[in-house]
Amino acid sequence: MSDIQLSHIDHAYGGQTVLRDFTHTFAGGKITCILGPSGCGKTTVLRLIAGLEAPGNGSIVVNDERVTENGKILVPAYKRRTGFIFQDLALWPHFTVYQNVAFGLNEHHAKNVGQKVKDMLDLFNLSNEQKKYPHQLSGGQKQMVAIARSLVLRPQALLMDEPLANIDIQVKSRILEHLLSIHQADPFTIIYVTHDHKEALDIGNSIVVMNQGNIIASGNSEEIIHSQHIFLKSFIKT
Amino acid sequence: MGRAINKYVIHNLLTLVLLLLLLVPVLMVLVQWLLNAGKINAISFLDRGALLLIVNSLLLSATVALLATLIGTACGFFLYKTHLKGRRLYLLLLIVPILISPYIFAVAWKDLLFLLFGSTASAFSTAGVIAVHTLIYFPLALLITGNALTNISSSLEEAGLMVTSFRKMIFKIVLPLIRPAFMSSFLLILVFSLGDFSVPAFFGIKTFTVEIFTQFSAFYNYDAAITKSLLLVGVCLILLLSEARYLSGAAFFSISTRGSNSKIYEMSGIGYVHHTSFAILIILSMLMPVFILLYQSLSGREIVIDSAWKLLKPAVFQSIKLAFWGALLISIIGLYAGYWQERLKSPFTNVLLLILFILPSTILGIAFIRFYNQPETGFIYSSLFIVLLGYIGKYGFIASRITGNGIRQIPVSLEEAAEVSGVRPVNKFIKILLPLLSPSLFVSFVLTFVLCLGELGTTIMVYPPGTELMPVKIFTISANAPQALTSSMALISLLITFFFIILFFMAGRVMFKKNSDE
């Protein structure tokens, strides 16, 4: 499982800088949580890795391949073998659960699409819901479909942008447990964006803390908890 | 409790007045026809020729609807979903044709065909009707589909881009998501084209609407006209029934800009293709008609602008006066219908206006003449009020939706905050809702004013004797006057419309800039 490397990334929206000389290597096969307050640039990091945007400067390497360099997208999003779970889940409302999960496989001309979708729906206990449309599902089921839709493509990296922000704590821990057990059985890289430090400390093998477009600390849970950085201490306290 | 009852009484009373004045005439025509159907042998009017004519009219209008919707959707995508330079200016210039009366375009295009081919033979005339209708109606598709495109959450498109190419994502995610808007746009344009009488009449093309007008106005064969009208109403209602739910809530002219959560694409490298395409469209839909009318007006042996102005002058002032009162009345009715639809979830007035909106203008005209040309209602028939009723019937729904959409964007909590602070309902309405709604009301007034100024289909049937109105004057004079005179009158009419569009545009900028500064 290869690392994801971001080197000297600068990025701005309408003249406002969101990332400044951002450099970090996300370890392959591990769960890295990006933690930070709203507007610190954590979602932008995910979007740049996914290929949904091109950075103003710097380069990104995904799966040993240079995917962007100096403002140019060299490999488009759909060829990067990464999955993205959006904050609003982005389930296509005109597709059923089955069609949402199968769409990517069909676009990649995969073989045995039916079987692969069935296996994935079984894994997430969604077999009985496959003919339903997104609006007919509960909040937890929608999260499951979004994760299943990404994992069915066997991505090298799963990028998760606060996907569990708006659901109750019981459903949230059930989904996380399920995701972690799948990850344990067949490790892949997960980059998980959150502003909830407890969640980050619970699930991350390593944690990257960001503020104002820069990394201010990184390491495992212990290192983060015992960091003497003033911002980090106040952020974790709150 | 008492206040709630009062509200419903007032609402029902006003709706009842609108129902009596506008829809009852149409229903009366239907009832009279049903009672007399046996006596007049109605089926005899629906012979093979009539059915063939409606099929041909449907084919012509379907071609227009398809072309206009495809062009409008493509324009909508590039203007609402990309960073194309000058997109605001393009949008402004492209939607102008929808504000200009179709007959002006018809005169210009007829002139062009004459200049190019030396005749306006039937083959060119059919092409002319299709071209004019497509150029007039594609901005409607642009606005409807553009609005739908901006309402797609960016993450839905980005989720598609994670698994497939941009082109496939557009065809498999974006287009299916805007299908309701695409279908509504297609059907609405189909019905508009089917119901328009002015353009085919100018080109001398016999469509079903022209046939109804001829039967009614030239042959005084009321039974044939009404039988055929009812067939046309049936076709329009069937076509729009499936989309009525979407249409009744459609925004049409949304004064908001593109949605904040809408995905915007960079179009690097091929920008010149888009700029060229937009330039061609603007030339065809805006500049060419002006140029041709100008050329025809000035290239004759004598300059006819002066005599055209003398002939048109009384009609101009009367048209402006009537359009002003029409727009004012329509905006008030639109506010009333929009408020009840959005805030009190009572759709009756809105549905009533929707039914009138989709009726072809000639049919509305026939219904009004039959109903109001009676001893008891003759005072309406002989006054300009009947023209105002025609305007309300044609454009009340547009005002209702513009205002309704504006109301929808104002949080209910702002009104509730006033309520819990003890503000009286009247003051809540005047001091909270109206100021916030002023941009929508302004757009509603401006749009309906310009549309009333150029309305021909209903006006030509109902205008009282001694009244001179601009579109009617140009249409009636075109049959016998030299082409240069008709072109000059159309040019004057176009310039007056442009004058008001620019005037209102500048007034809007001053008014709402002031608001935003505050």
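Glycine is treated like the rest: Cβ placed from N, Cα and C.
Just so you know, TrEMBL annotations never went through curation; they're auto-generated.
What TrEMBL lists as transmembrane segment is B:12-35 (among others). Long-range Cβ contacts of the transmembrane segment (B:12-35) within its own chain (Cβ-Cβ under 8 Å, at least 6 residues beyond either end) map to 42, 226-227, 229-230, 333, 336, 348-349, 352-353, 355-356, 359, 363-364, 366-368, 370-372, 389, 392-393, 396.
Under the heading transmembrane segment, TrEMBL lists B:50-80 (among others).
Summarising the annotation, TrEMBL assigns domain 'ABC transmembrane type-1' to B:54-243 (among others).
Residues or ranges marked as transmembrane segment in TrEMBL: B:89-109 (among others). Remote same-chain residues near the transmembrane segment (B:89-109) are listed as 75, 79, 128, 131-133, 135-137, 139-140, 142-143, 196, 198-199, 202-203, 278, 281-282, 285-286, 288-290, 292-293, 447, 450-451, 453-456, 471, 474-475, 478, 486-487, 490, 493-494, 497, 501 (criterion: CB distance under 8 Å, separation of at least six residues from the stretch ends).
Note on the transmembrane segment (B:129-149): residues 60-61, 63-65, 67-69, 71-73, 75-77, 79-81, 91, 94-98, 100, 102, 105-106, 109, 174, 177-178, 180-182, 184-186, 188-189, 192-193, 196, 199-200, 203, 205, 207, 250-254, 262, 284-285 of its chain, located 6 or more positions outside it, place their CB under 8 angstroms from a CB of the stretch. The feature transmembrane segment is assigned by TrEMBL to B:129-149 (among others).
Per TrEMBL, transmembrane segment is recorded for B:170-194 (among others).
Per TrEMBL, the feature transmembrane segment maps to B:230-255 (among others).
Per TrEMBL, the feature transmembrane segment maps to B:276-295 (among others).
The annotation transmembrane segment is assigned in TrEMBL to B:315-339 (among others).
Residues annotated as domain 'ABC transmembrane type-1' in TrEMBL: B:316-507 (among others).
Same-chain neighbours of the transmembrane segment (B:351-372): 15, 18-19, 22-26, 28-29, 32, 191, 194-197, 209, 212-213, 216, 222, 225-226, 229, 232-233, 236-237, 240, 244, 247-248, 333, 337, 378, 380-381, 386, 389-390, 392-398, 400, 455-462, counting only residues six or more beyond its ends whose CB sits under 8 Å from a CB of the stretch. For B:351-372 (among others), the entry in TrEMBL reads transmembrane segment.
The transmembrane segment annotation in TrEMBL covers B:378-398 (among others). Sequence-remote contacts of a segment are chain residues at least 6 beyond its ends whose Cβ falls under 8 Å from one of its Cβ atoms, and for the transmembrane segment (B:378-398) they are 18, 21-22, 252-253, 322-323, 325-326, 329-330, 333-334, 337, 350, 353-354, 356-357, 359, 361, 364-365, 368-369, 372, 444, 447-448, 451-452, 455, 457-459, 462-465, 467, 469.
Within its own chain, the transmembrane segment (B:441-464) has Cβ neighbours under 8 Å at 99-104, 195-198, 209, 213, 216-217, 253, 255, 319-320, 322-324, 326-328, 330-331, 334-335, 360-362, 364-366, 368-369, 381-384, 386-387, 389-391, 393-395, 398-399, 402-403, 406, 434, 470-472, 475-476, 493, 496-497, 500-501, 504, 508, 511-512, counting only residues six or more beyond its boundaries. What TrEMBL records for B:441-464 (among others) is transmembrane segment.
Sequence annotations record features per position, and here TrEMBL assigns transmembrane segment to B:484-506 (among others).
Distant neighbours of the transmembrane segment (B:170-194): 57-58, 60-62, 64-66, 68-69, 72-73, 133, 137, 140-141, 144-145, 147-149, 152, 156-157, 159-160, 164, 207-209, 232, 235-236, 239-240, 242-243, 246-247, 250, 358, 360; these residues of the same chain sit at least 6 beyond its ends, with a Cβ under 8 Å from one of its Cβ atoms. With respect to Cβ pairs under 8 Å, the transmembrane segment (B:315-339) is most closely packed against B:484-506, considering the stretches B:50-80, B:276-295, B:484-506. Panel annotation: around the transmembrane segment (B:484-506), residues 96, 99-101, 103-104, 107-108, 111, 289-290, 292-294, 296-297, 299-300, 304-305, 307-309, 311-312, 316, 320, 442, 446, 449-450, 453-454, 470-471, 473-474, 477-478 of the same chain, lying at least six beyond its termini, place a Cβ under 8 Å from a Cβ of the stretch.
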